[in-house]
Each structure stands twice: as structure tokens, then as C-alpha cells.
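Read through the structure below, which is laid out as C-alpha cells, and then see the notes.
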Amino acid sequence: MEIEASRQQTTVPVSVGGGNFPVGGLSPLSEAIWREKAPTEFVGDVSARLTWQDLTVMVTMGDGETQNVLEGLTGYAEPGSLTALMGPSGSGKSTMLDALASRLAANAFLSGTVLLNGRKTKLSFGTAAYVTQDDNLIGTLTVRETIWYSARVRLPDKMLRSEKRALVERTIIEMGLQDCADTVIGNWHLRGISGGEKRRVSIALEILMRPRLLFLDEPTSGLDSASAFFVTQTLRALSRDGRTVIASIHQPSSEVFELFDRLYLLSGGKTVYFGQASDAYEFFAQAGFPCPALRNPSDHFLRCINSDFDKVRATLKGSMKLRFEASDDPLEKITTAEAIRLLVDYYHTSDYYYTAKAKVEEISQFKGTILDSGGSQASFLLQTYTLTKRSFINMSRDFGYYWLRLLIYILVTVCIGTIYLNVGTSYSAILARGSCASFVFGFVTFMSIGGFPSFVEDMKVFQRERLNGHYGVAAFVIANTLSATPFLIMITFISGTICYFMVGLHPGFTHYLFFVLCLYASVTVVESLMMAIASIVPNFLMGIIIGAGIQGIFMLVSGFFRLPNDIPKPFWRYPMSYISFHFWALQGQYQNDLRGLTFDSQGSAFKIPGEYVLENVFQIDLHRSKWINLSVILSMIIIYRIIFFIMIKTNEDVTPWVRGYIARRRMKQKNGTQNTTVAPDGLTQSPSLRNYIATRTDGARRW
């Protein structure tokens with residue numbers, strides 16, 4: 001675990017992004033992680049120079065047809081610069097960003113050359129970071145807590161706790177989040193920070209380890225003009241600290257556009273312009289499409305290369321809703337498709353293209369040091385402990401995670417208790433006890449699917465952190481299990497106690513203990529099942545439907561609605577009833593409740609032994625102990641959690657490989673070639689997520 005500071009830390013000013021901030025005295029380890037990554041000179045092993053030449057990305061369709069999403073792109077990104085990728089929707093901005101960051105889909109193939117510091121190398125964790133468009137954050141944590149827990153799962157164990165705190169505060173100041181540092185992120189019932197602040201928190205999480213190369217997918221999407229300007233200004237400040245920043249931008253304002261150092265303009269996957277952002281005005285004017293006065297330059301550039309405007313004009317013209325007036329605008333005289341062709345052709349014959357090409361050649365000749373931060377250095381135990389604590393805090397603060405379910409469980413069990421109040425040992429109590437157990441272990445446990453939306457949110461956070469190599473799958477699965485256990489114990493013991501004593505089930509502490517343990521195990525099995533579903537179903541509505549369907553089938557073969565010996569043997573009896581936890585729960589609870597009791601007979605003075613009821617009414621095997629039934633349910637918890645782990649690993653490793661293999665097969669069959677196991681010459685298939693993460697976490701634990 002972390003080493004506590006045993007001495008008084010001395011406050012020293014540290015220069016970050018042009019400013020001095022007080023940070024606690026740092027050990028040599030901290031210096032190695034931080035000072036060397038925040039230089040004032042963009043040279044040596046502290047810089048990232050990225051070049052791409054003749055970059056082409058081809059995707060395969062379902063019928064084997066291929067389509068070039070990107071075609072012949074050439075450009076570069078240097079330390080200290082903010083490069084913006086712009087273009088209309090569908091122009092290839094996100095694909096280009098994914099290609100440069102090694103995140104292409106399995107059915108996408110890349111050709112051309114992408115070099116980092118003059119070398120073909122994978123982007124390792126700590127060297128490059130990727131900020132997605134969606135801000136998948138834990139809404140119940142404060143900004144400071146969010147960054148703090150992220151630091152703990154990545155920074156080395158041997159680093160002092162006070163140093164980690166200082167680095168977190170430094171990052172908060174760097175991103176301008178100090179005013180909202182103690183405000184919760186916000187969720188469905190907690191009002192939190194603004195959208196722009198959430199975006200800056202997402203960026204702060206990825207710059208915590210001081211990556212040299214930062215990719216951002218539409219960081220200003222969905223933000224108002226002020227928030228978009230603040231976020232972009234922050235990115236510009238980060239680039240001035242020696243980082244190489246590349247961001248895709250959809251529709252920037254004029255103020256935001258002025259913050260860009262370089263502009264890469266795309267249309268239909270082709271380069272329209274690449275160069276200094278300030279030179280784009282002159283380029284469009286030289287190409288015959290000058291920017292009118294009082295018009296936002298970025299709006300004008302996108303207007304020239306967005307063919308959707310032709311469709312709008314045609315629609316309005318057909319409906320007689322567009323008034324045409326004489327204009328000197330060249331776009332009024334030609335179609336947008338023709339304008340795009342003219343701009344693309346002009347760029348490839350202009351000085352801008354040859355200057356960029358020469359610069360790419362120059363940078364490619366410089367063989368810089370291979371950038372590798374060594375991966376996440378936190379131990380597996382520290383990662384698991386931190387994730388468990390973070391998840392526990394989230395569950396305790398989110399009213400809808402477990403607290404609301406606790407209230408519903410109490411309400412339902414009180415209803416059960418009043419309906420079956422003091423059920424007794426009369427003849428009618430035999431079926432009453434059986435139906436009560438069936439409802440408790442069938443429909444009461446069924447309510448656990450209500451937590452599925454929260455599971456989906458957890459998976460979104462995990463996927464974001466996993467893609468950037470924060471921690472492994474095993475740490476997440478174990479932490480999720482441990483953090484939920486206290487809440488599940490609390491829910492089942494409180495509701496189980498109410499039900500047990502109100503109904504008047506078999507008296508005795510061991511009988512009571514078995515009942516609540518069996519209820520806990522059953523609820524936990526449902527939770528584990530829903531977590532496995534959440535790992536493969538991204539939509540919470542679909543997940544609830546699938547989970548409800550599976551549990552409905554399990555209840556049918558539980559042995560109550562249809563007695564065990566009457567269930568059709570093929571499939572339904574074997575194996576369905578044996579993989580249903582309802583079956584084992586009812587088998588155990590029937591024995592727990594009825595064995596040792598005697599019931600009144602109908603029209604006779606003789607008493608009916610509970611053992612007779614078990615064998616002849618409920619068809620229970622008395623040779624199998626009730627504790628064996630409980631142990632089977634407990635083993636199902638482990639099995640479902642293992643399935644949860646396997647499903648995540650399958651989505652990371654197997655699914656991308658299968659999709660890539662199928663894509664290559666279809667492409668080869670379409671082309672009539674013989675080789676069906678390799679990509680075409682010059683094409684490199686995008687790596688699977690496992691390979692991607694493995695290269696980003698080289699030296700760190702992958703599990």
C-alpha cells in the first residue's frame with residue numbers, strides 16, 4: 001500500500017503550463033514521473049512527434065465490399081501545438097483520430113506509414129492518452145475524489161501519499177477545476193458540475209500521468225460557446241506545456257478557431273487543407289472560395305465542403321421556400337461536390353501540400369527516443385482496494401443503487417408477512433408455506449434486475465478506464481463483488497428477518513440463518529447474472545428484458561409450478577432445472593422449513609410429518625442436505641462472476657479477432673484471391689483490444 005509521509009513536506013513552486021503552483025516536496029520517483037514530462041524545451045525523450053504519410057483506411061462491409069474511409073492523408077503533429085481535425089459529419093475525423101491512436105475497428109485496415117519520433121511503434125500507456133466524446137464519470141464522486149482515485153490505481157505504491165495528493169491538486173489547478181473541486185460530478189438525482197467542467201475532468205484524468213501525446217474526440221461537442229472556448233483554451237495551454245495535442249472538432253466558433261495552431265480539413269476522407277490554421281483564409285481565397293466578411297471562418301470552410309447543403313437547397317427549391325437572389329458567392333454557381341473536387345485538387349498542387357510533405361520527411365528522419373512510461377505502476381492489491389473503496393462510496397451515495405431497493409424489499413416482505421401472517425401448521429399451511437417460499441425466492445429475488453441501469457453505468461466507466469490501461473479486468477470484477485457484498489447482506493438480512501418472523505417459519509436460529517443466507521445467495525446470483533449481461537448488452541432496456549426472460553425460464557423449472565418429477569426430462573429437467581438457482585433455493589428452503597414439523601391432516605386425527613410432505617407433495621430428495629443446496633447456489637455466484645470476467649475478456653480479445661478474420665475472408669473471397677488469412681499487401685489490420693492494451697501497459701499487469 002501507499003507509504004505515509006513521515007516527515008514534514010516542504011512547499012516548493014513548480015512550473016506548470018506557464019505558472020507556478022505550490023506542490024509538496026517530491027521524491028526522485030515523483031521527479032522521474034513529472035518533471036521530465038513537463039519540459040520547456042521540446043527535445044529529447046520528453047517530446048512526441050507524430051507523422052503520417054499516405055494514410056489510407058479501408059473497411060469491409062457485410063457483403064465483402066470494401067470502402068475507403070480515408071484516402072492518402074499526409075501530415076504531422078509536433079510538441080507544443082494544438083492540431084484540429086475538422087470536417088462535416090461523415091468526413092472521417094473520428095476514423096483518422098482512431099487510426100493515429102491505433103484504435104481502429106476490427107474490420108478496418110490501415111495502409112501507409114504512421115511514425116512516432118521517426119519509428120513505427122505502438123502507443124504505450126502514459127505516452128498517449130485518448131479522451132472520448134462521452135464523459136463517462138461516476139456521478140456521486142466529487143471532482144477531487146474522481147481524480148484522486150484515478151491517481152491511486154495508476155501511480156506507484158512506493159510514492160508517498162502526500163505526493164500523490166500534491167500531484168492531484170496540481171492537475172486540478174492545471175485544468176482550472178479548483179472552484180468545483182469539492183462539487184459532485186452529478187447524476188440523475190444529484191445536481192453537479194456543468195458540461196464543460198465534466199469535459200475538463202475527463203481530460204484531467206488522462207493527463208494525470210503526463211502523456212506526451214493527447215487525442216481528443218470532439219471535446220467541445222454539446223457545450224455552449226463559453227464552455228467550448230474554456231475547454232479549447234485549456235487544450236492550448238496543455239500543448240504549450242510540451243504536449244502534442246490532436247483533437248477532432250465539429251463546428252468551432254470563431255474564438256475557438258483562433259486557438260488552433262494547425263488545421264487538418266477533411267471531406268469524404270480526403271485532405272482539403274493541412275497547414276497553419278491562420279493560413280486557411282488565404283488558401284481558400286487562392287482556391288477561388290474567399291471567406292466573406294463578417295462570416296465565421298470555420299463555418300465558411302465547412303460550408304464549402306459539406307455536400308448536405310446541396311440537398312437542403314434542392315429540397316427548399318422544390319418546395320418553393322427558397323428565394324434566389326443574385327450573388328457573387330462561387331458556391332451559388334457550382335455544386336458542393338465540384339467545390340470539394342476543386343479544393344482537393346488545388347491543395348495537392350499547392351505549396352501547402354509540398355511544405356507539409358517536406359516537413360513530414362524532415363521529422364521522419366529524426367529518430368527520437370522510444371517513448372515508454374513503463375505502464376501503470378500500482379500493484380494489483382492497491383488497484384483492487386482502491387476500486388473497491390470507490391465503488392462502495394458510489395453505491396452508498398447513489399440512492400437508486402441499493403437504498404431504494406432496500407425500501408422496496410422491506411415493503412414487499414412486509415406485504416408477504418401480512419398475507420402469510422403466522423401461517424401455522426394447519427393442513428392448508430402446507431401449500432401456503434410452499435407458495436410463500438416460491439414467491440420469496442422467485443419474485444423477490446427477481447427485483448434485483450432493477451439495479452441493471454447502475455451496472456451499465458459502471459461498465460461505461462470501466463470501458464473508458466480500461467481502454468486507457470488504468471487497470472485490469474480481474475481487479476474490476478473483484479472490486480465490484482466486494483463493494484456490493486455489504487449492501488446485499490444488509491438488504492437480505494433486514495428483509496429476510498421481517499419475512500421470517502412475520503410468517504412464522506420453522507423456529508430455530510439455524511433455520512433462520514439458513515433462510516437469510518439462502519436469500520442472500522439467491523439475490524447475489526441474480527446480481528452476478530445481470531452483471532454478465534451488462535458486459536455484452538450496452539442498452540439497459542435490452543438488458544432488463546433479457547435478464548427478466550432468463551429468470552422467467554428459471555422460475556418455470558424451479559419445481560413449484562411444475563413438480564420436479566413432472567418436468568419433461570429432455571432439456572427442461574436436464575439441464576435447465578439444475579442450472580436454475582430457483583430450483584436449488586426451493587429444494588433447500590422446503591427442507592429447512594418443513595423438516596421436523598408436523599401438520600394437521602384433513603378429516604383425521606393423525607398428524608402429517610414434514611418429511612412425508614417433502615417426499616410426496618414437493619418431491620424433495622431428503623438424502624441431499626439443505627446445506628448442499630445452499631453450497632450449489634454459492635458456487636453459482638462464483639461461476640457467474642467468472643462468466644462475467646470471461647465475457648469481458650472475450651469482447652476484448654476474441655470478438656475483434658473473429659470480426660477481423662471474417663472481414664479478411666469476405667474481402668479475399670470478393671477479390672477472388674487464395675490467401676484468406678492475411679490482409680492485402682500494405683494493409684495492417686487494427687489490433688484487438690488485448691494487443692492494444694498490452695502494448696499500452698507493457699511492464700504492467702494485464703490482469
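Yeah, the Cβs are placed from backbone N, Cα and C, and that goes for glycine too.
As written in Swiss-Prot, here are the features:
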| type | residues | note |
| --- | --- | --- |
| BINDING | GLY87, PRO88, SER89, GLY90, SER91, GLY92, LYS93, SER94 | ATP binding site |
| DOMAIN | 50-293 | domain 'ABC transporter' |
| DOMAIN | 382-594 | domain 'ABC transmembrane type-2' |
| CARBOHYD | ASN394 | N-linked glycosylation site |
| CARBOHYD | ASN671 | N-linked glycosylation site |
| CARBOHYD | ASN675 | N-linked glycosylation site |
| MOD_RES | SER688 | phosphoserine |
| TRANSMEM | 406-426 | transmembrane segment |
| TRANSMEM | 436-456 | transmembrane segment |
| TRANSMEM | 485-505 | transmembrane segment |
| TRANSMEM | 513-533 | transmembrane segment |
| TRANSMEM | 540-560 | transmembrane segment |
| TRANSMEM | 628-648 | transmembrane segment |
Practice item. Under 8 Å Cβ to Cβ from SER91 (ATP binding site), same chain, six or more residues apart: give me those in sequence order, or none if nothing qualifies. Key: LEU266, SER267, GLY268, GLY269, ILE305
Check your understanding: Does the chain bring the transmembrane segment (540-560) near the transmembrane segment (436-456), so that three or more CB pairs sit under 8 Å (pairs 6 or more apart in sequence)?
Key -> yes
Review point. Taking residues 6+ outside the transmembrane segment (628-648), which of them lie with a CB under 8 Å of any CB in it?
Key: 473-474, 476-477, 481, 514, 517-518, 521-522, 524-525, 528-529, 531-532, 535-536, 581, 584-585, 587-588, 591
**Study point:** Additional residues around ATP, ordered along the sequence, whose Cβ is within 8 Å of the centroid of GLY87, PRO88, SER89, GLY90, SER91, GLY92, LYS93, SER94
**Key:** LEU266, SER267
Check your understanding: Over the domain 'ABC transporter' (50-293), what does the predicted model average in pLDDT?
Key -> 89
**Study point:** Rounded to the nearest Å - Cα separation of PRO88 (ATP binding site) and ASN394 (N-linked glycosylation site)
**Key:** 39
Practice item. Around the Cβ of LYS93 (ATP binding site), how many other Cβ atoms lie within 10 Å? Please give the count over every shown protein chain. Key: 25
**Study point:** Rounded Cα separation (Å) that holds between GLY87 (ATP binding site) and ASN394 (N-linked glycosylation site)
**Key:** 39
Check your understanding: In sequence order, which residues at least six apart in the same chain have a CB under 8 Å from the CB of ASN394 (N-linked glycosylation site)?
Key -> ILE138, THR140, LEU141, TYR401
Exercise for review: Inside 10 Å of the Cβ of PRO88 (ATP binding site), count up the other Cβ atoms and send me the figure.
Suggested key: 22
